[in-house]
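Trainee: Copying in the features that TrEMBL gives for the protein in this structure:
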- Arg61, Tyr195, Lys201, Arg322: substrate binding site (BINDING)
- Lys201, His220, Gly236, Leu237, Ser238, Gly239, Thr240, Gly241, Lys242, Thr243, Thr244, Glu285, Arg322, Thr447: ATP binding site (BINDING)
- Lys201, His220, Asp257: Mn(2+) binding site (BINDING)
Amino acid sequence: MKEVGVRNPAFGAETFGLSGLKALYWNQTEPALYEYALTRGEAQLAANGPLVADTGSHTGRTPKDKFVVRNADTEDQVWWDNNQAMSPEHFEVLLEDFREHAKGLELFAQDLHGGAEKAYQLPVRVYTEYAWHSLFIRNLLLRPDREELAGFAPDMTIIDLPSFRADPKRHGCRTETVIACDLTRKIVLIGGTSYAGEMKKSVFTFLNYLLPPQGVMSMHCSANEGDAGDTAIFFGLSGTGKTTLSADPQRTLIGDDEHGWGKTGVFNFEGGCYAKTIKLSETSEPEIYSTTQRFGTVLENVVLDEDRIPDFNDGSKTENTRAAYPIHFISNASKTGTAPQPKTIIMLTADAFGVMPPIAKLTPAQAMYHFLSGYTAKVAGTEKGVTEPQATFSTCFGAPFIPRHPSEYGNLLRDLIAEHNVECWLVNTGWTGGAYGVGNRMPIKETRSLLHSALDGSLKSAEFRTDANFGFAVPVEVPGVDTSILNPRETWTDKQAYDQQAAKLVQMFIDNFQAFEDHVDGDVRQAAPSMQAAAE
Ligand SMILES: Nc1ncnc2c1ncn2[C@@H]1O[C@H](COP(=O)(O)OP(=O)(O)O)[C@@H](O)[C@H]1O
Ligand SMILES: C=C(OP(=O)(O)O)C(=O)O
Ligand SMILES: [Mn+2]
């Protein structure tokens, strides 16, 4: 077997049961990975230097094809209502079949870390079939120094073979696509999908399993820090603005997607970002835009014109076009990936019903309520004629990535908010002036202004009204922000339609929260929107 590159002599591929490979390229850097990806026909070079790859039929994650091995170790730890079980026997066959499939292939291996805080760092080895996937994961995770590679001891291993086809009967899965997680031996098998985001979200899933028992809260959030060491974290489901809003020229970027929060403060799990590029505008998102104009960035499913210039308005392959880049491509990014204890929590939602205000102050109980609810709304997407938005409730703002029961994360968060006296806000980056189809998306400029006044403390002294539906406090006037957008009802021409839409949304919250009623204290139950409406 041909081997190229540096690795720990004590940890070769045979320690993972891999043999008979055609070649194995260890810890290759950007120029080499570009060359492999281009000569192997995996990708294209774009104007100004990004590497552009298509993911084929899977242009997003497939959570329905994700499985967790159910064994004596995980039986009592994993929340099985939310995680699909795979038997140890099926996993064993799948692992053997992955090893068999790898024979004769050229593979790429990266030795990386998950977790910027040394005490909680998870050494991850990622074997990929594609060179561009090797570059992707090298961009997204933390890179050890070159000298460390010869002593690198992998703890978690991911093997990512898009050309593998799973067999539901033989492997106990659903389709030809599989993301199988053995939390005990720390192995992930990814097959039948080329969507690179599966790899980074697998590492996230493992840290979400490993950290809470160590007293560390793990979170689907972005984070940034002001000059005064004031850390803010931004929870939110996909598309709500974690990546966009955390890249802020006035604040240091800690990370755009996954963090831990423990005794020493907040730390990024990753070393890179994964930004959406659909309709990416140089004017409203200059920091992110600039990462798409240089060597080293991976662009996923982005269409190039005849001059190889990316057309970010072209969503013909998918609306989920992406740029993956190391965090230092953002000029004011943190070098350590760590930040002091948070002062502010922002919960982001993209309410496509146009009901929620652009910002609201949450009590700690309301914050717990909204954290466990994990609400956002998805717009109809690309299907013509479909205008009804869809509500999504994804607990802890990240149900597909949490192996444990939401109360484990909820309890950690509740205690941290109390201990550090953290202020919580809900921010709607979704629709204003009507629901999707009638109104418009909240202007990024207004969201940023509101965030700045929340983060610099000035918003606290504003005058507040109590929202009739949700019971949270909504500022009436904010300097520098168009007053008319602060009260969503006033932005609708048909007030009755607003009230009806609001009542529907409140009912969805109530129905969804039933699953959590027995797991929370009375004050959190009281924070439900129903209570407020009843008190009217
Ligand atoms: N007011 C707004 N706040 C945040 N993002 C907005 C807003 N209006 C439009 N957007 C767009 O919505 C998307 C937010 O996505 P992103 O930041 O990647 O979310 P996440 O990281 O939470 O998945 C971006 O494409 C951004 O340009
Ligand atoms: C990487 C992802 O996260 P987000 O959309 O939250 O950026 C994803 O959902 O695939
Ligand atoms: Mn993101």
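Any Cβ shown, glycine's included, is placed from N, Cα and C.
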Trainee: What's the CA-CA gap between Tyr195 (substrate binding site) and Ser238 (ATP binding site) in angstrom, rounded?
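Mentor: Spelling it out, the Cα of Tyr195 (substrate binding site) and the Cα of Ser238 (ATP binding site) are 15 Å apart.
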Trainee: Enumerate in sequence order the binding-site residues Tyr195, His220, Gly236, Ser238 whose Cβ-atom distance to ligand 2 is under 6 angstroms.
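Mentor: Among Tyr195, His220, Gly236, Ser238, near ligand 2: Ser238.
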Trainee: List nothing but the largest Cα to Cα distance in Å, as a whole number, among the residues Arg61, Tyr195, Lys201, Arg322 that the record says bind substrate.
Mentor: 15
Trainee: Near ligand 1, which of the binding-site residues Arg61, Thr244, Arg322 have CB less than 6 Å from any of its atoms?
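Mentor: Checked binding-site residues vs ligand 1; flagged Thr244.
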Trainee: Among Tyr195, Ser238, Thr240, Lys242, Thr244, Asp257, the binding-site residues in the record, which have a C-beta under 6 A from ligand 3?
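Mentor: Among the binding-site residues listed, those whose Cβ sits under 6 Å from ligand 3 are Lys242, Asp257.
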Trainee: Taking the Cβ of Thr240 (ATP binding site) as reference, which residues of that chain separated by at least 6 in sequence fall under 8 Å from it?
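Mentor: Those within reach of Thr240 (ATP binding site), by Cβ under 8 Å and sequence separation of 6 or more, are Leu348, Thr349, Ala350, Thr376, Thr429.
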Trainee: Could you work out which of the binding-site residues (Arg61, Lys201, His220) has its C-beta surrounded by the smallest number of other C-beta atoms within 10 A?
Mentor: Arg61
Trainee: Work out the three-state DSSP category of Lys201 (substrate binding site).
Mentor: helix
Trainee: Using DSSP and collapsing to three states, where does Thr244 (ATP binding site) fall: helix, strand or coil?
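Mentor: Helix, per DSSP.
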Trainee: Taking Cα-Cα distance, which of the binding-site residues Arg61, Lys201, His220, Arg322 are within 10 Å of Gly236 (ATP binding site)?
Mentor: His220
Trainee: Please state whether DSSP places His220 (Mn(2+) binding site) in a helix, a strand or coil.
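Mentor: His220 (Mn(2+) binding site) sits in a strand per DSSP.
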Trainee: With an 8 Å cut-off on Cβ distance to the Arg61, Tyr195, Lys201, Arg322 Cβ center, who else from the chain surrounds the substrate site?
Mentor: Gly60, Ala196, Gly197, Glu198, Lys200, Tyr274, Asn320
Trainee: Compute the C-alpha separation of Arg322 (substrate binding site) from Asp257 (Mn(2+) binding site), stating it in Å without decimals.
Mentor: 14
Trainee: Reported as an integer number of Å, what is the Cα distance between Ser238 (ATP binding site) and Asp257 (Mn(2+) binding site)?
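Mentor: Here the two Cα atoms are 9 Å apart.
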Trainee: About how far apart, in whole Å, are the alpha carbons (Cα) of Lys242 (ATP binding site) and Lys201 (substrate binding site)?
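Mentor: A Cα-Cα distance of 15 Å.
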